[in-house]
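Now, the feature entries from Swiss-Prot:
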{"type": "REGION", "residues": "1-42", "note": "region 'Disordered'"}
{"type": "MOD_RES", "residues": "ASP89", "note": "3-methylthioaspartic acid"}
{"type": "REGION", "residues": "105-124", "note": "region 'Disordered'"}
{"type": "COMPBIAS", "residues": "113-124", "note": "compositional bias 'Basic residues'"}
Amino acid sequence: MPTTQQLIRKGRKTEEETSDAPALEGSPQRRGVCTRVYTTTPKKPNSALRKVARVRLTNGNEVTAYIPGEGHNLQEHSIVLVRGGRVKDLPGVKYHIVRGALDTAGVEERRQGRSKYGTKKPRE
């Protein structure tokens with residue numbers, strides 16, 4: 001417990017909040033170029049081949065971003081839009097690629113939750 005005199009001299013320090021997506025530098029999304037597109041395996045107890053991409057952002061940062069949805073058209077040098085949001089079972093993956101923006105196509109045959117996967121409304 002500090003004395004009154006110590007508080008006058010130093011004051012209370014407020015704990016600063018750290019960002020969950022520091023590479024975006026406060027932006028909601030950022031554009032980037034895929035440097036590598038590959039699959040990786042999740043932590044135990046899950047098992048799959050998760051699609052991820054290494055992306056160099058316009059601010060110079062390089063991040064690993066998850067490619068959501070079934071199937072994708074990304075390859076090296078594709079221009080993508082990156083948003084924050086981690087993938088719990090992939091260590092080090094703190095970003096998502098936005099489907100349906102820039103070079104990333106939306107998910108084909110998607111019927112529900114289309115807005116999250118960049119899919120247009122199906123016309124009957």
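Cβ from N, Cα, C; glycine included.
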- Item | Sequence-remote partners of the region 'Disordered' (1-42) [C-beta within less than 8 Å, at least six residues beyond its ends] | 48-59, 61-63, 65, 67, 74-86, 89-90, 94-95, 98, 102
- Task: Run through the compositional bias 'Basic residues' (113-124) and tell me, per DSSP, how many residues are helix, strand and coil.
- Result: 4 helix, 0 strand, 8 coil
- Query: In terms of DSSP three-state secondary structure, what is the assignment for ASP89 (3-methylthioaspartic acid)?
  - Reply: coil
